[in-house]
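**Student:** Here it is: the structure, laid out below.
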């Protein structure tokens, strides 16, 4: 007796379970057999306990230290550890024969059930159990010895006249014997462990080169799994079916079969899916299997449950493999089709009952319908089925008629360890036909929700839906032979990912760039109601059928443009969905808030020329900061507003970017934009470079869109000599020659005065009476309403406005004000003011909801006529200045903007050239540089990357040329100047290669994804990584997206039509000082959930950086504050003067840090991702001669 157990067994038995009396009546097996110990773990132990309790038996569990929290311990009436802590390995505990028998004796168990695996086929164990006076629930030791050893079983089969696969006559002890067999019979062969099963100790060998290693590996695996390294070798059959026959035999010579199971679906010889009975098996072959199985069982005087296994080749010949002298994992499907409880039969047989006594004669055993079992395992199919470990966070299973689950450690909070088999639960489904059963299994697996560990569910679903499985024609290597099975269905895991985001928000606050505080709107948004002219309610659930897009779709761009031109009343484009919120709210308005108002917009603005949808900022910011797909936004809004044309901005040859792209990228992008819902392409170039424009115009035209070629307006036409009426009229003439549909005029700074509008539009209308004109401006100076009114009266067809709550200041002029200004004239706009006010009430709430992004510009700024900062840039520039520590120097920044513009040659200022001016202005302010300083020190200054791009010519050629000698000095030793369109020299993008790359990374990708990647590769990848981590957050109400969840406040998130998650933030756990993490607790649809979140504040360390000594020529300093995004050198490497040491990013501005002289990098004082301030020491250079 092991003294370890003395204290355990000394505890008096005091069963206080109120239900115990229901299960402690006399055992149905008799008093002699009233208590069973299961020498196993997990699912099979629980399976035996359940039947034992139904037989009014008492149950005993044993467990390893690693299994001390396992469910099987709790399901038994008594449970005891095997050995002391550390005495046995996790597997070794369940192989500890003497310990287990000792526990059985001490607890008074009179039966031991071995389950499957571990000791179930160990003859020594069976014998010792019997010698201890305890009934072994299985065949006697001598039968296990004769059949458990597969080589002996083969001999018995041949003696009975049962066909076997050619193989070695006995165990193979050495490699030389294996080699001799192969020389005689050839390849392929299969090496098998003589003892045990489950695919362990098996190797298929197809060539001489693999024979030796496979032989050694099989022996080693057999030894570690079964304690016996004996193997034998058989000829391997290609594509056979694996059929097994379930047997039951008693001590009195009675043997019956419970029909067959098809176990052909295997991976590495381990069964994955089992079917009973075998589908479409030839009745003659089926009967031969039954006869041969019973013949062998009777030959050896078999007793208890066992399984005779056969292979059937493609010619219909069957071969005996082995008899497994134990219960099988897949016994459940046999129970389902026959109604026979195999475990109950095992216990009865062990207790001395005969098969007739328990009603099991062959004539009484029949089948009904089909059953399929799938093994749900914690394995990751994406990584070669490597077992996954960790804590189960969510566990929701299937159920319903004909669904059976056999599991153990499947519950929320369960920890999956690496010590044991990866099976989580067996799901068994039964129905009247094979197809109904297959469908029921698919439904059941889809119902499963397992989070926290990977599972094979998506792989099994793929397998169940494969045509070969549907036909029932699988073979043993079907999985290995069918690579398309690994094109898995992807579980979106939406709820848990959403909780991870909300948990991070609760712990760390919002990560949205530019957010300052929480939304001012603390309640749900009140949705407006639209009334018709007679006060009737408008059904906004159906989009309006009226709109300009109908004409466009029916008759095409030319007819559309002609109709616009001949439409007497004025038309508008509403910029609320893009430029208005870009100008006022840093482009942070989310898709959900556009989707909510879209159905009403379809009706209220049905007469609009267009709705502005996209521009460069809107497109990449939606991915970069809002974590949304811009294409999905477009598609959703297109569906809700099918009647109004959508317009986008295209930066000519730059697409949506700040510099040129390969030409084919522009054509491809325009094609995708048109397919997904864009109608009008407003094509412009920030320098009015006709060559860049021509490419964009051609791409939009070939895509089938309306081409609105746009001239950028800059400065005061009434005073400026450079950009005067003659310049603009000459440029428009070039555009008209390109065959455009509409002329756009883009006044991004809002400096088009009413008088200038009257003159310019009047001149264009006089020269081009059939050309539609569309005017865009900003209300920075407060004069845009007057200017747009003047434009309409001078002959413009369309002007841009924004809903009142989103208008004015740096945005577009007020829609209501422009309507009032032309009211009663021949240019009167055709809208219902009451409906527009309802729409505006919604956007008034949006201003409160997005208050954290307000630029805090309180009124008009007529100084714009001097500094000419574009409206869309003004708010961003002010925000950038504040972020760079220049907020108090805003006046100096505006002044520097004027100086920077003059240094650059007084250029057209539209994104991205306006950004160049802004970057240079901030660079000058931060480094206290005057215009003269810049000119004199240009060769040595570390200019922002955008400034270098401009001077190189990557943005095009400015009107009047580049300023010299400044350009030469800026580029000297850094870049080569360009004099032609940059895109001409770029190699075409390889879309197939990009699609392949993205598919390998992210699975299924669309052409739209490829189009995104070609323009914003880094942004696209960051966005996909974010979505992989947190899921699609598009439908989270904005209030909850931006601010920490409030305790016990319910939030409703509709993740798809008709499917809503109800989430409540319950508690925030304390900081774990060791891990720096917190547990965050929620209720999700009434169920408790939790997520573990890193507390980023707790992990923050204060870093004090050395400052560069500007008098030391070896010190390389950061030119301004920002983040190090790239390091180009290493310590010890040589750097030549002008070589890039690192790249620094500040907001959207990138600046290179280059070597001030040639030398060796002695020390790097920074790492990628570090935040630095201007003047911080980044590196130390040493001259080579030192």
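Glycine is treated like the rest: Cβ placed from N, Cα and C.
Pasting the feature list from TrEMBL:
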- 326: active site (ACT_SITE)
- 150, 234, 269: ATP binding site (BINDING)
- 579, 746, 776, 778: Mn(2+) binding site (BINDING)
- 32-484: domain 'Biotin carboxylation' (DOMAIN)
- 154-351: domain 'ATP-grasp' (DOMAIN)
- 570-837: domain 'Pyruvate carboxyltransferase' (DOMAIN)
- 1107-1182: domain 'Lipoyl-binding' (DOMAIN)
- 746: N6-carboxylysine (MOD_RES)
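Walk me through where these features lie, including what they touch and how far apart they are.
**Tutor:** Counting only residues at least six positions away in the same chain, the Cβ atoms of 114, 115, 116, 120, 121, 138, 305, 306 sit under 8 Å from the Cβ of residue 326 (active site).
Other Cβ atoms within 10 Å of the Cβ of residue 234 (ATP binding site) number 21 in total over all chains.
For the domain 'Biotin carboxylation' (32-484), the model's average pLDDT works out to 92.
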**Student:** How many Å separate the Cα atoms of residue 778 (Mn(2+) binding site) and residue 269 (ATP binding site)?
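**Tutor:** Cα to Cα, residue 778 (Mn(2+) binding site) and residue 269 (ATP binding site) are separated by 71 Å.
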**Student:** Please work out the number of neighbouring Cβ atoms within 10 Å of the Cβ of residue 150 (ATP binding site), leaving out its own Cβ.
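**Tutor:** For residue 150 (ATP binding site), the count of other Cβ atoms within 10 Å is 25.
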**Student:** For the domain 'Lipoyl-binding' (1107-1182), give the DSSP counts of helix residues, strand residues and coil residues.
**Tutor:** 0 helix, 40 strand, 36 coil
**Student:** Just counting, how many other CB atoms are there within 10 A of the CB of residue 746 (Mn(2+) binding site)?
**Tutor:** 24
**Student:** 269, 776, 778: which of these binding-site residues has the highest Cβ count within 10 Å of its own Cβ?
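**Tutor:** Comparing the binding-site residues 269, 776, 778, the most crowded Cβ belongs to 778.
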**Student:** Consider the binding-site residues 579, 746, 776 and say which one has the Cα lying nearest the Cα of residue 150 (ATP binding site).
**Tutor:** 579
**Student:** To the nearest whole angstrom, state the Cα distance for the pair residue 746 (Mn(2+) binding site) and residue 269 (ATP binding site).
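**Tutor:** It is 69 Å, counting Cα to Cα.
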**Student:** Rounded to the nearest angstrom, how far is the Cα of residue 269 (ATP binding site) from the Cα of residue 579 (Mn(2+) binding site)?
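**Tutor:** Counting only the Cα atoms, the answer is 62 Å.
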**Student:** Can you tell me the CA-to-CA distance separating residue 269 (ATP binding site) and residue 776 (Mn(2+) binding site), as a whole number of Å?
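**Tutor:** It is 70 Å, counting Cα to Cα.
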**Student:** Please report the number of other Cβ atoms within 10 Å of the Cβ of residue 579 (Mn(2+) binding site).
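**Tutor:** Excluding its own Cβ, the number within 10 Å is 28.
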**Student:** In Å, rounded, how far does the Cα of residue 776 (Mn(2+) binding site) sit from the Cα of residue 234 (ATP binding site)?
**Tutor:** 82
